[in-house]
Amino acid sequence: MKKITMIFNTVLIFLVFLLISGFSWHKSEIPTQEKFFESKSFSLSTVLEKVIPSVVSITVEGNVTQSTRIPRQFQSSFNKKVLDCFGISRCMTRQGKFHALGSGVILDSKNGYIVTNSHVVDRANKIQVQLSNGCKHEAVVIGKDARFDIAIIKLKKVKNLHEIKMSNSDILKVGDYVIAIGNPYGLGETVTSGIISALHRSGLNIENYENFIQTDAAINRGNSGGALVNLKGELIGINTAILTPDGGNIGIGFAIPINMVNNLTTQILEYGQVKQNELGIVGMELNSDLAKVLKINVHRGAFISQVLSKSPADVSGIKPGDVIILLNRKPIASFATLRAEIASFPIKTKIELGILRNKKVKFIIVELKQKIQSKIDSSVLCKLISGASLSNFRIHGQNKGICVNYVNNGTPAYRTGLRKNDIIFEVNKYQVSSLSNFQKVLKTKPLILVLHVKRGNDVLYLVTH
């Protein structure tokens, strides 16, 4: 009994010793607050030393035309006759200048190529780029695409540029730490940090292609075109937009994923533009209600309601009722995501789609083809109305005119008085029920265009020359 007691006491003393020594060891390993902040391993300075020389500040100058229409209450029949009699336009315009600020990222140090947002350099007459060392240089636009809000500008004969290293945006995860670098409010290079709040965001502007990275890193006006990088200093996105009620940062910023940027810039450098692809489907978001009706366990993807005849989708065997859930083995978050990804690929790219059909996943290879334009960019047809996007206006399946989808501010179309949702039904006294009719008139290269336009309940003439 005495022997057992001695053994028990020995074991107890040993356990107490381990407990005390273990506690002391763990206590010594825990860094103090001072050591935490003094340690270089917890600073972003080393990363920023590599990245900041690749980010530039952009200053833009250009001309803008502001239009003012005579208020409707003063447009009585008598007043209209008086205005017409004296040749006074109902739409008054004045010329002015504008200045804009933005950021950019050096993609190619050898050729001086910089990527930025299309809206940063839109309507620019002069572009000045300031490098991180303070040197200023002139730049020119190589190409841009407003649908993706991407542009490439080029510096002339500038040496010793520092191009940024790229990451793979397909491997990003919500919660990853990120750093935003740009030129907010013209302050110069400014660094903020945060995390990835969400991926595959869309819906900010239904006219454009969107597949954004969302971040809470502070992004403000002037940050557009700047860099969003990971903790290795690799570029993961181009900062593009913020969601804000008053113009300031509220922790909701958006960046274009770098993989999409690479697809777009490759096309701009090769063709001077982005050649939009066509899959040839009509569809919608797959949500929980639709999934319940279809009796499937998938709640994200793109539901196909129609496949266009002889389109790449049709040729490849895709059918109405299919649900696209994978693109190149990556999950598809929404129809908007699929639309943006498809449009950004170079033409003739072969993609692999994961299709859910009859509750089974089937993989289909599709070769993309350039989209046959159902809309026209009028700048290709006639400089008199450049800046407007037009499409056929249909009622009960029949063409009844030409719809103005949107008009860029300050363009000839805007100065003429064209506005979004206008319906053009007559040009130079010729009835135009479709784009093909309109093209016939424009091919005569008229010096003046007289557009008969329906706007809401009003009918008006617009003259451009």
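Using the three backbone atoms N, Cα and C, a Cβ is placed for every residue, glycine included.
Pulled from Swiss-Prot:
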ACT_SITE  HIS119  active site, charge relay system
ACT_SITE  ASP149  active site, charge relay system
ACT_SITE  SER224  active site, charge relay system
BINDING   GLY222, ASN223, SER224, LEU279, GLY280, ILE281, VAL282, GLY283  substrate binding site
DISULFID  CYS85-CYS91  disulfide bond
DOMAIN    268-359  domain 'PDZ 1'
DOMAIN    365-457  domain 'PDZ 2'
REGION    102-240  region 'Serine protease'
SIGNAL    1-26  signal peptide
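SER224 (active site, charge relay system) has a Cβ environment of 27 other Cβ atoms inside 10 Å. Each of the binding-site residues GLY222, ASN223 was scored by the number of other CB atoms within 10 A of its CB, and the lowest score belongs to GLY222. Listed binding-site residues: ILE281, VAL282. The one with the lowest count of other Cβ atoms within 10 Å of its Cβ is VAL282.
Annotation: HIS119 are the recorded positions among HIS119, LEU279, GLY280, ILE281, VAL282, GLY283 whose CA atoms are within 10 angstroms of the CA of SER224 (active site, charge relay system). Residue with the densest Cβ environment among the binding-site residues GLY280, GLY283: GLY280, by other Cβ atoms within 10 Å.
Distance from the CA of ASP149 (active site, charge relay system) to the CA of VAL282 (substrate binding site) is 24 Å. Counting residues per DSSP class in helix, strand and coil order gives 20 helix, 40 strand, 33 coil for the domain 'PDZ 2' (365-457). In this structure the alpha carbons, written CA, of GLY222 (substrate binding site) and HIS119 (active site, charge relay system) are 11 Å apart. Here substrate is bound by GLY222, ASN223, SER224, LEU279, GLY280, ILE281, VAL282, GLY283 per the record. The longest Cα to Cα distance in that group is 38 Å. Counting only the Cα atoms, the space from GLY280 (substrate binding site) to ASP149 (active site, charge relay system) is about 23 angstrom. Neighbour counts of Cβ atoms within 10 Å were taken for the recorded positions HIS119, ASP149, LEU279; the minimum is at HIS119. The residues of the domain 'PDZ 1' (268-359), classed with DSSP into helix (H, G, I), strand (E, B) and coil, number 26 helix, 28 strand, 38 coil. Between the CA atoms of ILE281 (substrate binding site) and ASP149 (active site, charge relay system) there is a gap of 24 Å, rounded to the nearest whole number.
You'll find the Cα of HIS119 (active site, charge relay system) roughly 6 Å from the Cα of ASP149 (active site, charge relay system). Each residue contributes its Cα atom, and for GLY283 (substrate binding site) and ASP149 (active site, charge relay system) these two points are 24 Å apart. Counting in whole angstrom, ASN223 (substrate binding site) lies 14 from ASP149 (active site, charge relay system) by their C-alpha atoms.
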